[in-house]
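According to Swiss-Prot, the [4Fe-4S] cluster 1 binding site annotation covers C41, C78, C112, on the basis of sequence analysis. The feature [4Fe-4S] cluster 2 binding site is assigned by Swiss-Prot to C186, C190, C193, with sequence analysis given as support. The domain 'MTTase N-terminal' feature in Swiss-Prot is assigned to 32-149. Swiss-Prot lists 172-405 with the feature domain 'Radical SAM core'. Residues or ranges marked as domain 'TRAM' by Swiss-Prot on the basis of sequence analysis: 408-471.
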Amino acid sequence: MQETSIKRAGASAAASAAPAATVPATASASARKLYIRTFGCQMNEYDSDKMADVLRGDQGLELTDNPEDADVILFNTCSVREKAQEKVFSDLGRVQHLKKLNPDLVIGVGGCVASQEGEAIVKRAPYVDVVFGPQTLHRLPELIRRRRASGASQVDISFPEIEKFDALPPPRIEGATAFVSIMEGCSKYCSFCVVPYTRGEEVSRPFDDVLVEVADLADQGVKEVTLLGQNVNAYRGPMGDTGEIADFATLLEYVHEIPGIERIRYTTSHPKEMTQRMVDAYANLPKLVSFLHLPVQAGSDRVLAAMKRGYTTLEFKSVVRRLRAARPGLTLSSDFIVGFPGETEEDFDKTMKLIEDVGFDTSFSFIYSRRPGTPAADLVDDTPQEVKLRRLQQLQALINAQAAAIAQAMVGTRQRLLVEGPSRRDPNELMGRTENNRIVNFPAPARLIGQMVDVIITDAYPNSLRARVADVDGLAQGNA
């Protein structure tokens, strides 16, 4: 689970493998203030930015780093892991005392835990003022007004489908990267997953709406967009009044033609719906980056069937082979669950073999966590915790070794970066990201921020690379 205190309104597109960025707030001392803490995935980060946009536009709230300064405190939650759920209630307890210091303080809980728990949150934490789901964040101003008018906690965890996108204000951009949500929900109903129950069924944004948003972002200087959805391959966007439906490959083709957009990323995808048209996109669309997050979850067909993933290991490998034939050098990240109910040592060995055969640059790997209301919750969780921990450590060690080998192979190569801002390691240096999602730190002047720059990789580290500028308008190599 990732978590971050959101301190900005514009979304910089962080990699799925990277921790969320922390950017200082710029609120004036006199402005009413908003504090948002975000748990979980990139969709939640996107939603948190939208919460900030909505409340800034309607109530003039500006973001703050400090919950003690806030007039509104929001927790945007994740229910994928059990500990993440409990973490929310722990953090709620830490801000409860602020109500005594500021009786007008509004405390809200949004996201997937809110969608799953609803009224139960208020029963467990009666000082919570508003509870809202991922599909109702645009109603936050009205929920807050109702709370202040009535004195009663407000709960809205409905699924109003496309209404959210129609109601959200235009994004305020800071930087050359941005998230664009193209759909919500998931209809796959994997046996372990709560997403269909917390975010609803798959609902796609209209095709033209997505293109207009991306074009507007490009006009504001955005060069890289990350298209977001729980399962972007399932995108089926209505094309105006034509009665036609655009699939995800079609959307990518049109986004690719928008002037000013130089890179396209997307997450998350489902192996079952990686169509040949999607594979062909990697051969035909050079702006589509050479990096793909493709969750496999396990390498045992028996476990995959129990998870209701809808594919076999051979089918997954076939998808990977076709992708790499279309785009040589494509790197992959993935998701893995160890200790799924009934997973044997043989099943786990098959997962390790899959990793060895395919090769991954990074992964989100977890010990299975029982989620109430899912089909897998009824299965017997019969793997001892120490065995789960050992398997997780083995799996992560193998993927770390593969990632290190990929990084080392990049030393001496020329890479094209989008420069995102100052380096976190050294504010006198810059940080950019390669096509395959590697963070690169290098000395260069600040005027390069937001630009595409060629560098030569000089060193590889566990979580980043180091480089020197190859050539920028006569800039001396390695010169800051």
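Please read every residue number as a count from 1 along the shown chain.
Yeah, the Cβs are placed from backbone N, Cα and C, and that goes for glycine too.
Values in this document were obtained by computation on a predicted structure and should not be read as measured data.
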Legend entry - C78 ([4Fe-4S] cluster 1 binding site) versus C190 ([4Fe-4S] cluster 2 binding site) - Cα distance in angstrom: 17
Inset, instruction - Note down the number of other Cβ atoms within 10 Å of the Cβ of C186 ([4Fe-4S] cluster 2 binding site), including every protein chain shown. - result: 23
Inset, instruction - Find, among the binding-site residues listed as C41, C112, C190, the one whose Cβ has the highest number of other Cβ atoms within 10 Å in the structure shown. - result: C112
Legend entry - DSSP state at C41 ([4Fe-4S] cluster 1 binding site), helix/strand/coil: coil
Inset, instruction - For the recorded [4Fe-4S] cluster 2 site formed by C186, C190, C193, name the remaining residues of the chain with Cβ within 8 Å of the site's Cβ center, in chain order. - result: K188, Y189, F192, V194, V195, P196, Q230
Legend entry - Secondary structure content of the domain 'TRAM' (408-471), with strand meaning DSSP E or B: 6 helix, 31 strand, 27 coil
Legend entry - C112 ([4Fe-4S] cluster 1 binding site) and C193 ([4Fe-4S] cluster 2 binding site), distance between Cα atoms, whole Å: 12
Legend entry - Cβ-Cβ neighbours of C78 ([4Fe-4S] cluster 1 binding site) (radius 10 Å): 23
Inset, instruction - Express the distance between the Cα positions of C186 ([4Fe-4S] cluster 2 binding site) and C112 ([4Fe-4S] cluster 1 binding site) as a whole number of Å. - result: 13
